[in-house]
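The DNA-binding region annotation in TrEMBL covers 86-129. Residues annotated as compositional bias 'Acidic residues' in TrEMBL: 344-361. Annotation comment: TrEMBL describes 362-382 as compositional bias 'Basic and acidic residues'. Annotation source TrEMBL lists domain 'Homeobox' at 84-128. Per TrEMBL, domain 'TLC' is recorded for 131-332. Sequence annotations record features per position, and here TrEMBL assigns region 'Disordered' to 342-390. Annotation comment: TrEMBL describes 38-56, 136-155, 180-198, 264-293, 299-324 as transmembrane segment.
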Amino acid sequence: MFQTFKEWFWLERFWLPPTIKWSDLEDHDGLIFVKPSHLYMTIPYAFVLIIIRHFFQKFIASPLAKTFGIKEEVQKKITPNTVLENFFKHSTRKPSQTDIYGLAKKCNLTERQVERWFRSRQNQDRPCRMKKFQEACWRFTFYLIITIAGIAFLYDKPWVYDLWEVWNGYPRQPLLPSQYWYYILEMSFYWSLLFSLGSDIKRKDFLAHVIHHLAAVSLMSFSWCANYIRSGTLVMIVHDVADIWLESAKMFSYAGWKQTCNTLFFIFSTVFLISRLIIFPFWILYCTLILPLHYLQPFFSYIFLNLQLMVLQVLNLYWSYFILKMLKRSIFTKSIRDVRSDSEGEYEEEEDEEEEEEEKEEATGGKETDRLKNSLGADRHLIPNGQHGC
């Protein structure tokens, strides 16, 4: 059964233009052509990148973060409470004022103590700034290296300047060593991102990231097997060039260099919108969708390739919405914050301010406030509009 499926999966009519056989892509006269078996190496290379990332974050990113003034955050220990923990896990992480009142009575605590417990419990799950910086630093370093390598690989290639050359001689286009390493490293990197999603910081667009990484691996794998290497390298360089600026902006944001962060973010926004909303659809998609029709009749892999590129463009539009939203916010608030936010949806600065406020209140009469709130608790119906306490 497996052999039957394999033979069906690799039918030439799915992958190659009519009249072209797999035998036409066998190595000869010193020319090497792409082979699906080449892709097996992306998995071990992905684990190598994960190992490199571990040591990079430990010995390079962490010292760099400390240079910027980012310190390891020590989580405050909270008093174990089974009732509150069960409510936190199974009901909601952000209880209403009514919930807080009921939990306080049930646990024989003050409302302020319950509020403080939930805030501390939320902070335990909040990723520290050091971890955010390490992840951004790793991605910045890889995107910088792979973009420079991509430019070095492509600057002298004729299809970069003349899109007609992308299809000249297709699919009998030999594989160059630079193309091999560009593809394999890029694909290995996305595999490594997929493998580390469980341990990386989880954001609201987590699902979009999963779809993006899967789409990237699927697109690169398919384009490799069908020998769409030339168009594939163009797609990769167009998408990598903006990510450098985004990751660098994040690094300076976590370091508190707001002006530098804002400047880098505006550069990123410009590069992103030009590369992914202008160059990609009007040059790259035009190259893969329209130009092949002058050489070939439409066939399965041509249709499937362009469907995948359109999915990628939908994701580009999705992220463009967030970028424009951040730009709008920055114009009115004079600062840039990631609208995707962390899983708790709160900003560290606001949380730190709340904690400082609480400490001040504790020093200047927090206990009296708690007593007042508890005394009002017995006659809550006397408080207008349900406003509980001071």
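Going from the start of the chain as shown, residues are counted 1 onward.
Heads up, the Cβ atoms here are built off N, Cα and C, so glycines get one too.
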Q. What average pLDDT is reported by the model for the domain 'Homeobox' (84-128)?
A. 82
Q: May I ask which of the stretches 136-155, 180-198, 264-293, 299-324 has the most CB pairs under 8 A with the transmembrane segment (38-56)?
A: 180-198
Q: For the transmembrane segment (264-293) and the transmembrane segment (299-324), decide whether they are in contact, meaning at least 3 CB pairs lie under 8 A, counting pairs 6 or more apart in sequence.
A: yes
Q.
Same chain only, please: residues at least 6 beyond the ends of the transmembrane segment (299-324) with a C-beta under 8 Å from a C-beta of the stretch. Say none if there are none.
A. 13-18, 205, 208, 211-212, 215-216, 218-219, 222-223, 226, 228, 231, 235, 239, 268-269, 272-273, 276-277, 280-281, 284-285, 288-289, 292, 339-340
Q: Please list, for the domain 'Homeobox' (84-128), how many residues fall into helix, strand and coil according to DSSP.
A: 33 helix, 0 strand, 12 coil
